[in-house]
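Student: As annotated in Swiss-Prot:
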| type | residues | note |
| --- | --- | --- |
| SIGNAL | 1-24 | signal peptide |
| DOMAIN | 26-205 | domain 'Eph LBD' |
| DOMAIN | 328-438 | domain 'Fibronectin type-III 1' |
| DOMAIN | 442-536 | domain 'Fibronectin type-III 2' |
| TOPO_DOM | 570-987 | topological domain 'Cytoplasmic' |
| DOMAIN | 621-884 | domain 'Protein kinase' |
| DOMAIN | 914-978 | domain 'SAM' |
Amino acid sequence: MELFSRNVAAFWIILLEFLLGSVAEEEVLMNTKTETSDLKWTTHSRSKPEWEEVSGLDEENNSVRTYQICQADGSSSHWLRSKLIERRGASQVYVELFFTMVECSSRNTHHRSCKETFNLYYYQSDTDDATATHPAWMENPYTKVDTVAADFLLRKGGEKKVNVKTLRLGPLSKRGFYLAFQAQGACMALLSVRVFFKKCPALTRSLSVFPETVPRSLVQEAVGQCVANAAQPGPSPRPPKMFCGEDGQWVDQPTTTCTCLPGFEASHGELECRACPVGLFKMGSGTGPCSVCPENSQTGETGSAACVCRSGFYRALSDSADTPCTRPPSSPRSPVPQVNDTSLTLEWSEPLDSGGRSDLSYSVECRMCSTPGSPCTLCSDGVNYRPSQTGIQGRRVSIWGLRPHTTYSFTVMALNGVSAQSQQGPAGETINITTSPNVPVLVSGLRKSTATESSLTLYWNTPTQSHYRILQYQIRYCEKERGSEENSCHYMESNNNEVVLSDLRRATQYEVQVRARTFAGYGSFGKAILFRTLPDEDDSSSPLLVTGILIAMGMLLLIIVIGAAIYCIRKQNNYKDPELSDKNGQYLMGQGVKVYIDPFTYEDPNEAVREFAKEIDVSCVKIEEVIGAGEFGEVCRGRLRIPGKKENYVAIKTLKGGYTDKQRRDFLAEASIMGQFQHPNIIHLEGIITASCPVMILTEFMENGALDSFLRLNDGQFTPIQLVGMLRGIASGMKYLSEMSYVHRDLAARNILVNSNLVCKVSDFGLSRFLQENSSDPTYTSSLGGKIPIRWTAPEAIAFRKFTCASDVWSYGIVMWEVMSFGERPYWDMSNQDVINAIEQDYRLPPPPDCPTYLHQLMLDCWQKERTARPRFANIVSALDKLIRNPASLKITAQEGAGPSHPLLDQRSPLTPSSCGTVGDWLRAIKMERYEETFLQAGYTSMQLVTHINTEDLLRLGITLAGHQKKILSSIEALGIQNKAPGNVLY
């Protein structure tokens with residue numbers, strides 16, 4: 001009921017405010033009704049009678065001063081002039097006249113000279129200088145307002161009615177004015193004269209207050225201000241504005257951005273900002289209402305912008321003020337240990353109370369209890385945890401590296417996002433276990449005694465072992481740079497706590513571990529320690545090193561001098577040498593071969609942006625709609641209209657707010673890269689906008705968007721020859737990039753854009769990607785934070801970060817597979833780690849459904865493990881051109897298509913000639929059946945003749961792809977039956 005009453009009251013307040021704001025206010029300048037003494041206006045007449053001032057009664061029987069005149073002859077003018085009336089800033093005023101007029105037919109006078117009208121004039125003046133003769137009693141210098149006619153006339157025996165007329169004067173510009181009345185043959189009485197002007201009253205609307213405003217023109221702009229507890233957003237906002245009409249009424253709605261401050265809500269129809277009551281809050285500025293405090297929070301006063309958490313409840317630093325307060329979780333339940341010698345698997349159940357949060361994690365604290373009765377101490381660094389000791393997401397942890405026959409106390413603690421805010425420690429559940437006495441203890445204290453160029457002498461502490469005598473030590477050492485590959489690790493045994501590792505590589509780092517063996521068997525390896533062999537055999541070689549350094553420095557100085565001389569000579573003759581020129585930092589090698597310039601090689605990366613990208617004025621760009629979002633910000637469609645050029649659509653990448661200087665440089669680096677490329681299959685850079693916020697990159701607009709989603713939307717709608725045409729365009733663009741020595745690093749169908757003519761263009765030239773290590777699902781991460789799945793990346797790029805044009809060729813093979821499968825995800829739902837393992841074991845993607853055999857073989861060529869065996873992009877473009885000229889070859893397809901349940905192709909052990917009876921069988925076994933007719937026409941009709949083939953023979957047969965050459969020669973060489981050693985594969 002109370003809420004209903006408040007709403008009704010608010011309605012009437014709003015209605016009253018609206019009505020008051022829409023009614024004009026009148027300010028009276030003169031009113032003869034209110035005068036209590038004689039008016040003493042000036043009269044002028046050349047003949048009798050004159051205007052006569054008399055006292056009379058108005059309609060309410062109040063005594064008023066009036067003027068009257070009744071002329072018998074209308075040939076002369078009779079004037080009546082008021083005193084000076086101050087205009088008080090008004091540019092136009094209104095004159096309200098109350099008068100009576102006698103009908104001519106009721107008078108005993110000549111009808112032709114009798115009139116039933118009179119004239120109204122005014123005269124402006126800055127001083128009150130009017131006299132009996134000045135200004136002259138004539139129409140000029142007076143300004144005529146109107147000839148006033150009576151609506152009601154007095155006649156004998158008739159009803160007495162008063163005429164009321166309101167006339168407008170203006171425009172007025174001087175200090176004041178005089179009113180003048182001219183009667184010519186009229187019989188009338190001027191009962192009252194009221195002079196006033198209209199003004200817009202003070203108004204409150206849309207949380208803005210506007211002052212009383214006098215209109216000085218057709219519309220007068222009024223500047224207001226926000227109501228109390230309201231403000232406008234932004235550093236320098238424009239004040240509220242509204243227009244006052246000449247009729248004294250406000251025109252339309254105000255132009256304002258006033259909103260209530262945090263802790264206040266709009267009330268009474270946006271007439272005021274009212275403080276939020278206790279128990280309610282409003283966290284930001286705006287016209288929205290106050291909200292009830294989130295769960296477990298409260299306010300202690302009115303006008304609160306945030307609710308304070310109740311005792312025992314907290315908010316994480318990342319939580320916003322409108323989220324509920326939460327508390328730390330209760331302890332994990334029922335920890336269950338599984339002890340295996342000196343290792344432990346610990347599992348537990350989740351807490352009964354998660355604290356109201358979903359970011360639950362666990363930590364494990366380990367304490368070793370050496371002797372009964374003494375306090376337990378924290379475990380040493382030799383204890384290992386999987387997946388980790390802290391931040392565990394699951395409810396299971398494996399622990400190893402424990403000492404045998406030792407009691408440990410493990411505490412499993414539950415934490416969430418507000419555990420750090422709590423003054424109490426995390427709740428935990430403790431369990432005690434004792435390890436087996438039969439396992440040797442860990443070996444510790446491994447250190448180096450001496451080191452040479454090819455050996456390391458190491459020793460370690462003898463473990464304290466009371467149960468079994470240590471029989472032997474085993475040493476495991478691996479080259480650090482080669483990781484834990486089986487062929488890089490070696491083992492040695494030692495009967496004492498010292499060992500000499502010999503036959504080591506010079507200046508190489510080794511990772512060494514030691515474990516002990518007793519009658520109970522081997523224990524666990526101790527902590528891995530790194531040691532490095534020396535670069536020289538002994539210290540006596542130091543003089544040779546110094547001599548070598550001096551020689552190298554001398555040669556370097558000589559090279560610098562020669563280079564400077566060559567530079568000066570070429571600079572003098574530069575106009576004569578068309579083969580080598582330098583323009584805008586892009587070096588032309590030979591005849592028109594442009595080389596890509598890395599923008600990060602500039603001392604100031606902004607210089608590269610200015611050099612390769614054109615700055616566009618923001619007024620030339622109109623953003624129409626948001627079409628996507630990326631790691632940098634939003635992607636929009638817009639129009640670009642440059643004076644003198646045709647308007648066209650563009651794609652606009654914007655940099656999201658809150659960026660760092662490095663993120664801005666990385667964002668604009670893509671523009672300085674794109675600006676160097678001019679090719680029909682490379683996305684074209686229109687320009688950049690850096691002079692205003694947000695920073696933008698403008699490129700040509702591609703109507704069909706990304707290739708992968710476009711293919712999925714049009715699954716099965718394109719013929720093989722159309723798909724080959726798309727692939728040919730992508731390969732042509734990549735050929736152009738490779739010729740400029742640019743490595744893309746992220747070639748995938750999602751980064752290929754398609755226009756309305758199905759032309760495919762390579763895009764996304766972001767840089768600075770690095771590999772996230774120590775992850776079960778490794779991904780490349782760009783500098784702006786976006787993750788790139790590695791299933792498009794060549795194995796050498798994953799393992800050694802070796803990005804080359806050959807690694808781009810591998811990625812192109814994956815793009816081919818995406819195109820022929822109409823946007824299928826490569827390797828389907830396999831994890832990234834499974835993909836890495838499969839590729840390392842020489843498994844490859846099978847052909848997509850209805851994929852031409854020739855195209856799948858080209859994919860396999862791109863996926864050669866040895867990067868030097870992969871075709872170049874020039875070879876790929878040539879091969880696809882042949883397919884387009886001979887579309888019949890596209891009709892030969894694989895027997896079965898790929899799918900999530902289809903196994904990967906095993907490329908590890910191709911069939912050898914010995915298992916095949918004919919040349920055709922052998923070629924089909926190694927997936928080279930396309931060359932069967934070529935072999936037979938050249939006379940290779942038996943396997944005996946095939947075994948004599950070498951590289952030169954393959955070239956004569958027209959087999960030029962390096963991958964095909966290697967596969968054929970490797971199959972022959974595998975049996976050791978080749979009489980002539982094959983030549984090197986030609987690249």
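Cβ atoms here come from the backbone N, Cα and C positions, even for glycine.
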Student: Please spell out the DSSP helix, strand and coil residue counts for the domain 'Fibronectin type-III 2' (442-536).
Tutor: 3 helix, 43 strand, 49 coil
Student: Count up the helix, strand and coil residues in the domain 'Fibronectin type-III 1' (328-438) according to DSSP, in that order.
Tutor: 3 helix, 51 strand, 57 coil
Student: Taking the topological domain 'Cytoplasmic' (570-987) alone, what is its mean pLDDT?
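Tutor: Value for the topological domain 'Cytoplasmic' (570-987), mean pLDDT as a whole number: 79.
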Student: From the DSSP assignment alone, can you count helix, strand and coil residues within the domain 'SAM' (914-978)?
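Tutor: Taking the domain 'SAM' (914-978) as a whole: 40 helix, 0 strand, 25 coil.
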